[in-house]
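According to Swiss-Prot, the feature zinc finger maps to 15-44, 118-147, an assignment based on sequence analysis. Marked as Zn(2+) 1 binding site by Swiss-Prot: Cys19, Cys22, His34, Cys38. Residues annotated as region 'Disordered' in Swiss-Prot: 43-83, 149-225. Feature annotation from Swiss-Prot assigns compositional bias 'Basic and acidic residues' to 48-58. According to Swiss-Prot, the feature Zn(2+) 2 binding site maps to Cys122, Cys125, His137, Cys141, an assignment based on sequence analysis. If you look up Swiss-Prot, you'll see 188-198, 206-223 marked as compositional bias 'Polar residues'. Sequence annotations record features per position, and here Swiss-Prot assigns phosphoserine to Ser222, Ser291. Per Swiss-Prot, the feature phosphothreonine maps to Thr243; the stated evidence is similarity to another entry.
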Amino acid sequence: MDGLEENGSVVQVGDLLPCKICGRTFFPLALKKHGPICQKTATKKRKTFDSSRQRAEGTDIPTVKPLKPRPEPPKKPSNWRRKHEEFIATIRAAKGLDQALKEGGKLPPPPPPSYDPDYIQCPYCQRRFNENAADRHINFCKEQAARISNKGKFSTDSKGKPASRPQYKPSPLKKSNPPGIPSSGSSRLPQPSTTSKTIVGVPTGKASSVNSPLGNKPQTLSPSHRAIAAPQAGANTKARNTTPPSLARNSVAGVLTNKRKTLTENYAARPDGDYTSSVNGGNSKGIEGNSSGHLPKFCHECGTKYPVEWAKFCCECGIRRMIL
């Protein structure tokens, strides 16, 4: 059939024939040209067009490499039969327990615990985890078990008891007491004197020692003077022991009567500001009453040095500071 004329050429119009490769229809003349071309394109693998790379050209956007698909992990075989059997055993055990409770008989033993074989057991705590959790847990549990074992070795002794913390005890101060004065466990408690007694109506600070050479003033010696006076006191006690008991009693009675007279006279003649105060059994003058005396640098009770010149009390034993 003759068709229309285009550019002076005559196009023949006939039956359309389909292509064997792509299935499209062509004229017989066009089909001869299309056949080899279509065969090449079919055999050649066509590349996938990446539109994102074309869009990123000429811009600052970096080209992203396509991610490779991860291989799927192999599927583990399902243990549905074992799970089904465990489920049936659990239901039977529950029914048996209910029946035993109703009848009042002996309770049946509990079913054995079921474990997932896919889980990994920790060798330290005997718990089970999946593969990902087991890798993290086993390392942590290993360090913790080693830390606890080392801590137990140091904290327990051979008997298994925890070691007690050592307590700090300061070294006791050595005091040289005269032989006539008995030593006491606590220096802060008042100690009754063996050679002097307190008179009713007279302040306790008025009491003075029999061995005092002054008579009307309390005996206040520093630690260095005490050490020197100790041998003399020991010699006096030896001399006293050589006298008969009857003479010793008479002499003590005479000394007590003379001491009472001197104490009453001194108490009446002394002004109000110059009195002695008794603090914890120790005779000491008030600092406020008479500030003209000499302040010792060491405590008369425990021998501790005063940290400052204006201290009124000892920082170690708490005894009031004396005035010499």
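Numbers run from 1 along the shown chain.
Keep in mind that glycine also has a Cβ here, set from the backbone N, Cα and C atoms.
Overlay of Swiss-Prot feature records on the structure.
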residue: Cys19; record: Zn(2+) 1 binding site; CB count, 10 Å: 15
residue: Cys22; record: Zn(2+) 1 binding site; CB count, 10 Å: 12
residue: His34; record: Zn(2+) 1 binding site; CB count, 10 Å: 16
residue: Cys38; record: Zn(2+) 1 binding site; CB count, 10 Å: 18
residue: Cys122; record: Zn(2+) 2 binding site; CB count, 10 Å: 18
residue: Cys125; record: Zn(2+) 2 binding site; CB count, 10 Å: 12
residue: His137; record: Zn(2+) 2 binding site; CB count, 10 Å: 17
residue: Cys141; record: Zn(2+) 2 binding site; CB count, 10 Å: 17
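Here Cys22 (Zn(2+) 1 binding site) is compared against the binding-site residues Cys122, Cys125, His137, Cys141, and the shortest C-alpha distance is to His137. The secondary structure of Cys141 (Zn(2+) 2 binding site), as reduced to three states from DSSP, is helical.
For the zinc finger (118-147), the DSSP counts in helix, strand and coil order read 17 helix, 4 strand, 9 coil.
A gap of 73 Å separates the Cα atoms of Cys125 (Zn(2+) 2 binding site) and Cys19 (Zn(2+) 1 binding site). Highlighted in sequence order, Lys20, Ile21, Gly23, Arg24, Phe26, Leu31, Gly35, Ile37, Gln39 have their Cβ within 8 Å of the centre of the Cβ atoms of Cys19, Cys22, His34, Cys38, the residues recorded for Zn(2+) 1, and are not part of that set. Taken together, the residues of the zinc finger (15-44) have an average pLDDT of 91. The Cα of Cys19 (Zn(2+) 1 binding site) lies closest to that of His137, out of the binding-site residues Cys122, His137, Cys141. A gap of 64 Å separates the Cα atoms of Cys122 (Zn(2+) 2 binding site) and Cys38 (Zn(2+) 1 binding site). DSSP assigns Cys19 (Zn(2+) 1 binding site) to coil, not to a helix or a strand. In sequence order, Pro123, Tyr124, Arg127, Phe129, Ala134, Ile138, Phe140, Lys142 are the residues of the same chain, not among Cys122, Cys125, His137, Cys141, whose CB sits within 8 A of the CB centroid for the Zn(2+) 2 site. Cα separation, Cys38 (Zn(2+) 1 binding site) to Cys141 (Zn(2+) 2 binding site), rounded: 67 Å. Secondary structure of the compositional bias 'Basic and acidic residues' (48-58) per DSSP, as helix, strand and coil residue counts: 6 helix, 0 strand, 5 coil.
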